[in-house]
Amino acid sequence: MAGKARVHELAKELGVTSKEVLARLSEQGEFVKSASSTVEAPVARRLRESFGGGKSAPAKGSDTGAAKGVAKAPQKVPGVSPAAKAPDRSLDAALDKAVGNGAPAPVPAPAPAPTPAPAPAPAQPADSGVAPPAATPAAPAASAAPAPPKAPLPGQRPAPTPGKPAAPQAPHPGMAPGARPGPVPKPGVRTPRVGNNPFSSAQPVDRPIPRPQAPRPGAPRPGAPRPGGASPGNMPPRPGGASGGPRPPRTGAPRPGGGRPGGPGGGRSDGGGGNYRGGGGGVGAAPGGGFRGRPGGGGGGGRPGQRGGAAGAFGRPGGAPRRGRKSKRAKRAEYENMQAPVVGGVRLPHGNGETIRLARGASLSDFADKINANPAALVQALFNLGEMVTATQSVGDETLELLGSEMNYNVQVVSPEDEDRELLESFDLTYGEDSGDESELQTRPPVVTVMGHVDHGKTRLLDTIRKANVREGEAGGITQHIGAYQVSVDHDGTERLITFIDTPGHEAFTAMRARGAKATDIAILVVAADDGVMPQTVEAINHAQAADVPIVVAVNKIDKEGADPAKIRGQLTEYGLVAEDFGGDTMFVDISAKQGTNIEALEEAVLLTADAALDLRANPDMEAQGVAIEAHLDRGRGPVATVLVQRGTLRVGDSVVAGDAYGRVRRMVDEHGEDVEEALPSRPVQVIGFTSVPGAGDNFLVVDEDRIARQIADRRSARKRNALAARSRKRISLEDLDSALKETSQLNLILKGDNAGTVEALEEALMGIEVDDEVALRVIDRGVGGITETNVNLASASDAIIIGFNVRAEGKATELANREGVEIRYYSVIYQAIDEIEKALRGMLKPIYEEVELGRAEIRALFRSSKVGLIAGCMISSGVVRRNAKARLLRDNIVVVENLSIHSLRREKDDVTEVREGFECGMTLGYSDLKEGDFIESYELVQKDRS
């Protein structure tokens, strides 16, 4: 046949079935899908050679078609060369040896004689209709029926009947030892070829013999009857299946099977249809070795519950299983789910103690992404534990750690400092270290922070040093922001630079003082000689000592009456500041900032301390790093940040990032208002060019590109929002649900200030006001700069009050506020704002009502009226009873009903407002369950002032 040929045409040409051709092609390594598929000419030639050239088609029988499905003779057997075209005596010897080695064969059952095929075939000691011997028995099979079975239909295998084991037959003379006698061969029956029938258990010997496998757990013992009573042999015959030809026994050693003989999956002895739990038993198993088995090498039998494709259907060698075998990962996941902990009634993933790092303010969705879990399951678990949290809501650190411990995870909440360091490391950036070696470090000026109690003369001291007047520009005469200045002093004939940072002394500016202490090298503690040590003085000492900063004490106002510098030295001894006069190491200088007394001595003390105790060096050749000590929004210049360069040199045009703000340095201005092209270490400058206002105390650093600065700022902004949401979220448990659902008063505020530090201090001071649980204070927005229309619209939508600190509203914003009815309050001194907000919160408290008893009345008679209902005739036994007053009904000194109201009150025929003790009256209560002898107790609620 020239060109391509179809499988069924080749089968017709060779005189075999299409199924046999497909099986032979599969043995040769050719994958052919169906009988209508085509094969190449070389493949067809090899196929014809494997069948020994063309063979005549068998004649169709008149009464049966059994000969049509008879298997062909085997191609390869042990000891026979592949070129052999027909089996010889060596085949019989090999088969007898295999049978003699202990391969049991079932007892032959009578079957109708098939019509002999006209083609001659060698005689084989087998009978048509007899099942071939079992291939993989675990024990000698004994499954013969006690009675002769019913003869099967033509082309159908006989069904073995479960019951008593059949008696062994006597062997014929000349048979090999251990071999079973077979029926007399019938002439004309075609000999099946080994490996040609996909349903045959006898396969080519060149396939590797599978290793013995242990019986499958739970499988029936070998030789036992099939569960359910139905035998696989009763199933209808397969299309084209061999039924009339004899089947030789499987060559090779028997395989131990699990379940039934025929394979680990409990296959039949003939390897054909009817295998209950199919599957070839391991590597190199017979194709189609089971009704539902996998063709070819299966992996140890079918998985319990898995249904494989039917072998040999429509001429196919066997289909793949309907569902793929589960991988080890899927099985492991199922096992872990079985072992998963149950938290709050919800099954959650089970960890192995690994560490999960989460940022502060992370949500349950973030946690679920880390552990590959469903966020809804975590939400349900927390809800069942009494914690109501959404999947995207920020969760506190304790909740995350508790939930992680329940699932065997070690949750670590990363601190903001560590998270920021990791963020910078992801961009190959480091903060806080000088690059280069020791030879590149140069001496820098000391940074000095002036600290102390309010009104003790800190700003006046700086004014005297700078020969300026900053104090008069501060509202209320108190410093409300940080000022940074650099002055030049003459020390031993050498010009030296000193950077001064002025911090507020008011109690509301604790955060500012802490930032000033962290950014400084030396702290000057100003104490008034006539006032002594005050609370903010102690707080300043604590900040300086916590930052490990040396302290120089300036005893101010020594020119005033009542000044006692010795007393100050004695008081500060309690806090570890021992003067040099008393044998300590702290330098005390008595000064008068107003008169300018001993200012040079104070500067000299600062320089001596810096030279003796500190190593003030930095690398000016690296990219600049420092801290933003203050920031504000200027109307004409935009965001302006006062930065202190600590390392490197800051130049105009550098890309900088400070906290969640970024930008490019457009302009730098010093404390005198003059432009600066570059700022060396320890130099404070005002930087113009940020896209937003940086936070006071944020670290700034120079990066290579604007893109990197924007990415760092965006990530910091997202982290800041999450942390703020986690901090502001109020935890509501199920026990507190009733109280949480009750109506509560809340004062919403929008804060606007002239600089970031003032806004931060004002917010912390306002949030620290404690009035009562019934009222709450909420800051819904905060910002630096004037009050805009956007602020007014937000306040109108949220019923908020706008607080302006040293800022005013724009013209259109004022008109919009008047039109929308939004209240704007302006303040210039911080404690005035705190006092007024506290009074407003107290005014929002619900009033307290106190019950005052008025009198009691006894019901003597009852009268019914069609107009007003039931009328109670009463005698006032004590006090007075008023109309429209509250009342309760008592019966046998037990309260029957509360919160009644006296609708009408009559004395004889006149309506009266009240009736006093000893008089009779009639009254209606709007209540019908009244009895004679009941008492009516009248009272009223009087509002009580709340402190």
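Just so it is clear, glycine is given a Cβ too, placed from its N, Cα and C backbone atoms.
The following features are taken from Swiss-Prot:
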| type | residues | note |
| --- | --- | --- |
| REGION | 47-332 | region 'Disordered' |
| COMPBIAS | 86-95 | compositional bias 'Basic and acidic residues' |
| COMPBIAS | 105-123 | compositional bias 'Pro residues' |
| COMPBIAS | 131-145 | compositional bias 'Low complexity' |
| COMPBIAS | 146-171 | compositional bias 'Pro residues' |
| COMPBIAS | 210-225 | compositional bias 'Pro residues' |
| COMPBIAS | 255-318 | compositional bias 'Gly residues' |
| COMPBIAS | 322-331 | compositional bias 'Basic residues' |
| DOMAIN | 443-614 | domain 'tr-type G' |
| REGION | 452-459 | region 'G1' |
| BINDING | 452-459, 502-506, 556-559 | GTP binding site |
| REGION | 477-481 | region 'G2' |
| REGION | 502-505 | region 'G3' |
| REGION | 556-559 | region 'G4' |
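Location within the structure of each feature annotated in Swiss-Prot.
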residue : record           : DSSP (3 states)
GLY452  : GTP binding site : strand
LYS458  : GTP binding site : helix
ILE558  : GTP binding site : coil
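When averaged over the region 'G2' (477-481), pLDDT in the model lands at 44.
For LYS458 (GTP binding site), the Cβ neighbour count at a 10 Å cut-off comes to 29, with all displayed protein chains included. For ILE558 (GTP binding site), the same-chain residues lying six or more positions away in sequence with a CB closer than 8 A to its CB are ALA529, PRO565, ASP590, ILE591, SER592, THR597.
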